[in-house]
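Summarising the annotation, Swiss-Prot assigns CoA binding site to K97, R104. For D169, the entry in Swiss-Prot reads active site, nucleophile.
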Amino acid sequence: MNHLPMPTFGPLAGVRVVFSGIEIAGPFAGQMFAEWGAEVIWIENVAWADTIRVQPNYPQLSRRNLHALSLNIFKDEGREAFLKLMETTDIFIEASKGPAFARRGITDEVLWEHNPKLVIAHLSGFGQYGTEEYTNLPAYNTIAQAFSGYLIQNGDVDQPMPAFPYTADYFSGMTATTAALAALHKVRETGKGESIDIAMYEVMLRMGQYFMMDYFNGGEICPRMTKGKDPYYAGCGLYKCADGYIVMELVGITQINECFKDIGLAHILGTPEVPEGTQLIHRVECPYGPLVEEKLDAWLATHTIADVQARFAELNIACAKVLTIPELEGNPQYVARESITQWQTMDGRTCKGPNIMPKFKNNPGKIWRGMPSHGMDTAAILKNIGYSEADIKELVGKGLAKVED
C-alpha cells in the first residue's frame, strides 16, 4: 500500500485508520491514532460537513493531523469506493446509532470480504444488539452517563450532575482506540479480522464501577459528595483555603498523625475510634469524622494555598491547587513539559491548545497538520486507491463525492 503524503513518525507509522462519525466520541479515537503517527482518513457526508466544524476553536484540536474524505459511502459508486478503501485499511471506526451500518448493507462480513484482516470498531450509545427499545436510540455524553449509573453518583447531595466536558464521549473514544489496538495486535498474529462492539453506556458503567460494587455485593448505595468532598472519607476531596481551592487526599498512617497534630486533633490519635495504624478516616463510620472535617475546614480557611501546599509537601500529603484555565500556561510543570503548544491552521493562523499525550520517548507523536477543509483530500485519497481524474470527476458529478473547491 502506498500511503498518502505525510511525515513518518510515532509508534503507529504505517497504520491506516479510517473513521466515520461526527462530533466527539468516534473522532476522538481517530485523533489519538493520528497524533501517534497513523495515517487517519476522516469520512464526512458530501452534502453536510461534520457538525463539529461550527465550533470556533475545538475542531482545530480534534481534527488536526487528519486527511479529509467527503464520500457517500452507502450509495452506488460511492459505496464501491469506500469498500475499495477498506482493502487497504487496518482499522475502521464507525460511530452511529446501533447497527446502522448493517441496516444499510455494510455488515462486518461484507467488509471482511474486501479485507479479511480488517479491525472494525462500532461505537454507539447502546451497542449493536439488545432490545430494539434501546439499540436504535441516539446517544450523547449525558445520555450514556444517565443510563450507566455514572451520572447519579456525581453532583451534590441535593442533586445529581453530569460530569463535563463530555466525559462519556472521551472515555468511549479512548476505549475504541485501545480496543482497536488490541485487536490489531491479534490480527497480526492470526491474520483474522475482528469486530468490536463499544456501547457508550457500558464504558461508563465500567468507569463508575468503584462504589457500585458495594451495592452489587451488599446493597449499599454510596451517597453523593457534599461540596466536592469524598462521600466516604474525611480529608479527601475539595477544600477551601484563605485564597482559593485545593484538593487533597489524607491517606496514610504518618500523614494522618502529623495532620491531626497540626489541626488540633492529636488527642484522638490512639483512641478506639482512631486506633494506631489508621490509614483513612471514614466520615460516616468513624464518630470523629464530622469533627475531622470541621477542624480541617477551620485550619485550611486560615492558611493560603501556598502555605498549605508547602506544609503538606513536608507531610507527604497529596494535594494540588485547583487551577483556573488562565493559570495553566504559566504553571512551571506545564512549561517544563510543553503541555500546551501551538500549531498552524490550514489558513495560516496560529492555534494554541493541549499538546500530544502521552509522551513517547523513542517514537514521539507530532502535530504536522491543522484541520483539513471539507473534501480537502478526497481527490488524493481516491487516486491513492486507484481512481483516475475522470473517475473522480464522475463521482463528484453524481453527488457521491466532494472535492475541495
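Quick reminder: no glycine exception, Cβ is built from N, Cα and C everywhere.
Separating the Cα atoms of K97 (CoA binding site) and the residue listed as 'active site, nucleophile' is a whole-number distance of 14 Å. Sequence-distant neighbours of D169 (active site, nucleophile) (same chain, six or more apart, CB under 8 Å from its CB) are E23, I24, A25, F28, Y140, N141, M200, listed in sequence order. Counted within 10 Å of its Cβ, the other Cβ atoms near R104 (CoA binding site) come to 13, all protein chains included.
According to DSSP, R104 (CoA binding site) is assigned to coil rather than to any helix or strand.
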